[in-house]
Amino acid sequence: MTLFKCHVKVLTLSIGLTLTSTLQCIKLISNAPSKSNLVLTFQKNFALILSSALWIDISLCSLLIFTQYENKIYYKNDDINFRRCEFPTIFSKLVLIILILYKILTILTQFIFIYMEWKDIFLKIDIKLLFCSNILSFIFGIIFIVICLIYNTDLNQYYLLKNIIVFNYCIVNLCFNFLSRFFVPLSYYEKNNINVKKYAKTFNEINDIDNDEIND
């Protein structure tokens, strides 16, 4: 059961990040002001590209399933064995490094397109909230990695801190990327001269024009 938990943990974290950061990255590329072939391709094949990103995750995690994990027992306390999943082989470590680099590349691409679309009037609120959630998620990720690498004195605190970080990461993404838009006051739109109905209509018209260009 412990080995199964090791596999599920990696798969869950990987696909969870794909359904947040990778999905947001694909949407940012699709909404980019430039009408290059890359942007048009992402707009036309949004579902296919997202499915491909998910299958890349699943494929890399499947390779980890066929590798050997090592359950390293640190100590026994009150008849409870504290274990940590470790990758003893070079192949498993290489697959894990590729998976991490794939995620880092996705996040860096996301930051690039956030910079490109920072002043886009249609995405003004979403872009700023997305930027804040990415910064906080990046900080949580650094803390998580540091704890995994150096914290091995009190394993009760070790697992507690890891769970708190993952929980905070989920809450931050939920609040900034989904719930926040329900709490944006109308005064914000008025202060920034954003006519919601007007821009929503204009944005739909632009999308219709873009779709016609893609079909042509």
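The first residue you see is number 1, and the count goes up from there.
Cβ coordinates are placed from backbone N, Cα and C, and glycine is handled just like the others.
TrEMBL has this to say about the protein:
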{"type": "TRANSMEM", "residues": "49-69", "note": "transmembrane segment"}
{"type": "TRANSMEM", "residues": "90-115", "note": "transmembrane segment"}
{"type": "TRANSMEM", "residues": "127-152", "note": "transmembrane segment"}
{"type": "TRANSMEM", "residues": "164-184", "note": "transmembrane segment"}
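Put simply, of 90-115, 127-152, 164-184, the stretch with the most CB pairs closer than 8 A to the transmembrane segment (49-69) is 90-115. Beyond the ends of the transmembrane segment (127-152), by six or more residues, the same chain brings 21, 24, 28, 74, 107, 110-111, 114, 117-118, 120, 158, 161-162, 165-166, 168-169, 172-173, 175-177, 180-181 to within a C-beta distance below 8 angstroms of the stretch.
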